[in-house]
Structures are given as C-alpha cells and as structure tokens.
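Shown next, in structure tokens, is the structure this report addresses.
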Amino acid sequence: INGDAKGTVFFEQETSEAPVKVTGEVLGLTKGLHGFHVHEFGDNTNGCMSSGPHFNPRSKEHGAPTDENRHLGDLGNIQAAGDSPTAVSITDSKITLFGADSIIGRTVVVHADA
C-alpha cells in the first residue's frame, strides 16, 4: 500500500481446489469504495507504477469478482468509512496460492477510487 494508507492482508487456501480467504485491515483510506486488486509484479520500487497491470494470466476482460470472464486479480472493492480501519473480508474461488497462476509474490493494490 502506497501513500498514507497502510495495512496488513492475509491470504489463506487449504488446498489447491479450495477458495482463497482474504482477510485484513487497511488504515488511512478516504471514505468510499476502493478497488482491491492483485497486480502482475511484486515490484514496488516505483510505488504502484512498477507493479504492472492486474494479474491476468488467462487474458480475460476486466470484470467483477463474480464474473466468469475477469482478470484473476480483480477482487472487487472494499468500502472505507473514512474515520476507522477498513476491514477486508473476501472469499474468492478464482485466485490461487498454488501452481503457475499463484498470486504469491505479486503486489496487492488498493486503488484511490472504485
């Protein structure tokens, strides 16, 4: 997380076929919706600019988390109240922590506005 925002996010997956549980907390977000995505690279040397595009190994279109046709990195939005920590609680069946399409080592980006 770049800028004034900071936080911790955990990714848990029991088996390669199980959904991934994403939990955590982000501080310092302005009130409203913020895009929550996994980007292609784990490089943060130039902030979010060096993280590349959304993780999309299957060349799909941008979409909502429930869409069949979506980037693997499209995890939807998180809702910030603006005056308290923003909870992250997502269960996703498309991302994985196993194999060639694993999100391990990639960058999570919280976008300023959804």
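Glycine is no exception: its Cβ is also placed from the backbone N, Cα and C atoms.
Secondary structure from DSSP puts HIS54 (Cu cation binding site) in a beta strand. The Cu cation binding site annotation in Swiss-Prot covers HIS37, HIS39, HIS54, HIS111.
Take the CB of HIS54 (Cu cation binding site) and look out to 10 A: across all protein chains shown you find 20 other CB atoms. Swiss-Prot lists HIS54, HIS62, HIS71, ASP74 with the feature Zn(2+) binding site, giving similarity to another entry as the kind of evidence.
Feature annotation from Swiss-Prot assigns compositional bias 'Basic and acidic residues' to 58-73.
For the region 'Disordered' (48-76), DSSP puts the residue distribution at 3 helix, 5 strand, 21 coil. For 48-76, the entry in Swiss-Prot reads region 'Disordered'.
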HIS39, HIS62: which of these binding-site residues has the highest Cβ count within 10 Å of its own Cβ?
HIS39
Between HIS37 (Cu cation binding site) and ASP74 (Zn(2+) binding site), how many Å separate their Cα atoms?
5
